[in-house]
Structures are given as structure tokens and as C-alpha cells.
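Enquirer: Not my notes, these are from Swiss-Prot:
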- 1-16: topological domain 'Cytoplasmic' (TOPO_DOM)
- 17-37: transmembrane segment (TRANSMEM)
- 38-48: topological domain 'Periplasmic' (TOPO_DOM)
- 49-69: transmembrane segment (TRANSMEM)
- 70-77: topological domain 'Cytoplasmic' (TOPO_DOM)
- 78-98: transmembrane segment (TRANSMEM)
- 99-107: topological domain 'Periplasmic' (TOPO_DOM)
- 108-128: transmembrane segment (TRANSMEM)
- 129-138: topological domain 'Cytoplasmic' (TOPO_DOM)
- 139-159: transmembrane segment (TRANSMEM)
- 161-181: transmembrane segment (TRANSMEM)
- 182-224: topological domain 'Cytoplasmic' (TOPO_DOM)
- 225-245: transmembrane segment (TRANSMEM)
- 246-261: topological domain 'Periplasmic' (TOPO_DOM)
- 262-282: transmembrane segment (TRANSMEM)
- 283-288: topological domain 'Cytoplasmic' (TOPO_DOM)
- 289-309: transmembrane segment (TRANSMEM)
- 313-333: transmembrane segment (TRANSMEM)
- 334-357: topological domain 'Cytoplasmic' (TOPO_DOM)
- 358-378: transmembrane segment (TRANSMEM)
- 379-399: transmembrane segment (TRANSMEM)
- 400-407: topological domain 'Cytoplasmic' (TOPO_DOM)
Amino acid sequence: MTNKVNSYGWKALIGSAVGYGMDGFDLLILGFMLSAISADLNLTPAQGGSLVTWTLIGAVFGGILFGALSDKYGRVRVLTWTILLFAVFTGLCAIAQGYWDLLIYRTIAGIGLGGEFGIGMALAAEAWPARHRAKAASYVALGWQVGVLGAALLTPLLLPHIGWRGMFLVGIFPAFVAWFLRSHLHEPEIFTQKQTALSTQSSFTDKLRSFQLLIKDKATSKISLGIVVLTSVQNFGYYGIMIWLPNFLSKQLGFSLTKSGLWTAVTVCGMMAGIWIFGQLADRIGRKPSFLLFQLGAVISIVVYSQLTDPDIMLLAGAFLGMFVNGMLGGYGALMAEAYPTEARATAQNVLFNIGRAVGGFGPVVVGSVVLAYSFQTAIALLAIIYVIDMLATIFLIPELKGKALD
């Protein structure tokens, strides 16, 4: 494969990034709309929170299901299924009449969302040359942050005028854009070649092959364990910080809603910078050194941030915190693409990342418990420990795969 990125590579990347951006946009607008939905449908706080929980549960299930299907039937084909599933059931959310039908619609929409990350990462990795593979993964990862930023900017402007039902309809728009972009794509060459070679497989065992390849031998099992640790820390730290910090800044430091929103925007911009930098760095110095550098940066920035008390400094420092805590999101796509063969690549991306997402869901609970028992500063400082564990996993479990030819 040439080192030059062709037009197909760019189309595959943009189609993947828009889909992942839809994921971030959808989850954040749901958070913004919870109070309005709860008031309109007379939901309890527990019922309102469960709409988010079941969206994530659906995403985990969808990630595993569609990852395996895309390794068998194709990246582009299955991404079409996921986007249609999301669009239909997000549209149905706009006409929900009560808690139970809305919960069902959100869960099924979440199943559609779950396939976006892993399949999109696999598609971009297979469409881009090895020399630029980490950059491609980081650009797809940036899609999530662009979606989050778009939701943070649009929801306060539109929600008062069109209501939560209208916002669900707005949430379908990125899905149509992603569908249009993908409708002009064919399957990656490496996938079609591998599919032809495996076309004679039809037994039940062969259909489970993509899962078996994640633990096919000791070396691969070791990598899979390491990636689960990395993605768990990634999601645990992200949700632990992003769910609680705005609340802390508002209640303890008197940040207004506008200033809390500004902190979110500054922090997300830092995350975007970190993801971009990680992709550039990983293609230059390697995946493993880049992870270790950002993990060390996360430890230092978390410890320093936990000691800050000046509101203005905390506002600006959020960018550096976000850069190191979330910048590593730009590396998982390339790492997993290089660690697993074509017939298991999307399965690996979705299964391993969604296991991490499931573990990360406990982040807000753990941080909240420590806040109640001690203080917010203590809770944030303790998060540094998980990044030390992250470093150990990288050192002992993750090999350097920079430039590896995909098989």
C-alpha cells in the first residue's frame, strides 16, 4: 500500500468520524434534556437517569453484536444497518408518550450507536496506509468531541424553542449525513480479499471465529487484557471527571451555568487537541511511548488539578486536564487494528472498547461515593491511581505495533 492517502481513505474516515460524532452528540443532548423530559413525562430522578444507563447498555450490546456482524458481512454494509436503526428509534423518541416506550426507543437507538466506534475505526484503519494509521484513528476519535461540542452549543439555543421532542429530531440529522457519505463507499480491499478466502466457512464454530481470535493464544490474550485495562481506565476517568466536575464547579465554587458551560467547552477543546496530538505523536515515536507519555501526563495533571482552588485557573487548567485524560482516545483504533486480523478487527474494536465503556460507567458512582465520604479534591486525586495502573498495563501487556502490515 502506498503512503499517500487516496480519496477513498478520506471518504471512509469522514463517514466514520461523522457517525462517531453522532454518538457523542446524542448522549450529550440527552443529558441536557433530562430535566425537560422528566418534567413533561412525570419521571422520577431514577427513571430519568435510567434513560442514560439503558442507552449505554444498548450501546455495549450493539457494539458486540455489530462488531461481529461487520467482520462477517462488511464494514460499510453493517454501518448502514446501525445508522438506520439509530435514526428510526431516535425519531420514535420524539413521539414517546411515557417512560416505558421512551426507554425502549432509547435502548434500541443505543444498540445502533454501539456499532459506530469499532466498525468506523476498523474501516478507517483498513483504508489508510500504515504510516498514517494512528492519525486516521485520532481523526475518527475527534468526531466524538465535535459531536459533544456541537451538542453543548446547540442544545441551549434550540431546546427552549423546539422542546425535547424537536431536539430528538435534530439528533437524526447527523445520521442522515453519515448515511449519505457511506452510501458512496465500497468495502475496503483488504476486507474483500479476506472475505473471499473465508467464504467457505459456515459451521457454528467458524461463525464464532472473530471472538475466538481475541484469545487465540497466550500473546493475543495478553494484548486483549491490556487493551481492556486501557479502555476501562479511559472511560472510567472520562466519565468520572466529566460528570462530576461541572457539578463541583457550580456548587462549591459558584460557577454560573454559563461559566460551567464555558469550562466544559474549554475542557473539550483540550481533549480535541490531545486526541490530535496523540495521533501525530503515535505515528512518529510509536504507540507504546505515546500511551506512556499521556498516562504520565494524566497522573501529573490530575494531581495538580486536585490542588487548585482559584476558579479562573481551574477554568483554564481544564484544557490541560482534558488533553491528557482523554487524548489517548486517539490511539486505541490504530492499536487494535494492528493487534488483530481482518476477520476479527471490528469485533476487537467494539468488544474491547465496550467492555471498557461498561467498566467506565462505574466512574461517576465511585467518584460520587468518595466525594460523600471525603471531598471532591480527594476523589479527583485518587483517580490518578488508575492511570498508574494504566502505565503498568502498557509496560507489561502492550507490544509496539507501529507500522505493522494489516493481515
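Here the Cβ of each residue, glycine as well, is placed from N, Cα and C on the backbone.
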Enquirer: Any contact between the transmembrane segment (108-128) and the transmembrane segment (358-378)? By contact I mean 3+ C-beta pairs closer than 8 Å, pairs at least 6 apart along the chain.
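Expert: No, the stretches stay apart by this measure.
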Enquirer: For the transmembrane segment (262-282) against the transmembrane segment (17-37), do we get 3 or more Cβ-Cβ pairs below 8 Å once near-sequence pairs (under 6 apart) are dropped?
Expert: no
Enquirer: Can you give me the average pLDDT across the topological domain 'Cytoplasmic' (182-224), rounded to a whole number?
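Expert: The answer is 78, the mean pLDDT of the model over that range.
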Enquirer: Any residues 6+ beyond the ends of the transmembrane segment (289-309) with a Cβ under 8 Å from its own?
Expert: 134, 230, 237, 274, 278, 281-282, 317-318, 320-321, 323-325, 327-328, 331, 377-378, 380-381, 383-384, 387-388, 390-391, 394-395, 398
Enquirer: Considering only the recorded stretches 78-98, 161-181, 225-245, 313-333, 358-378, state which has the highest number of Cβ pairs under 8 Å to the transmembrane segment (17-37).
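Expert: Going through each listed stretch, the top one turns out to be 161-181.
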Enquirer: Spell out yes or no: are there three or more C-beta pairs under 8 angstroms between the transmembrane segment (161-181) and the transmembrane segment (225-245), with each pair 6 or more apart in sequence?
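Expert: Answer no, regions not in contact.
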Enquirer: Check the transmembrane segment (139-159) against each of 78-98, 225-245, 313-333, 358-378 and return whichever range has the most CB pairs under 8 Å.
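Expert: The stretch with the most contacts is 313-333.
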Enquirer: Is it possible to list how many residues within the topological domain 'Cytoplasmic' (400-407) are helical, extended or coil according to DSSP?
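Expert: Across the topological domain 'Cytoplasmic' (400-407), the residues distribute as 0 helix, 0 strand, 8 coil.
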Enquirer: Which residue counts does DSSP give the topological domain 'Cytoplasmic' (334-357) for helix, strand and coil?
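Expert: Result for the topological domain 'Cytoplasmic' (334-357), in helix, strand, coil order: 22 helix, 0 strand, 2 coil.
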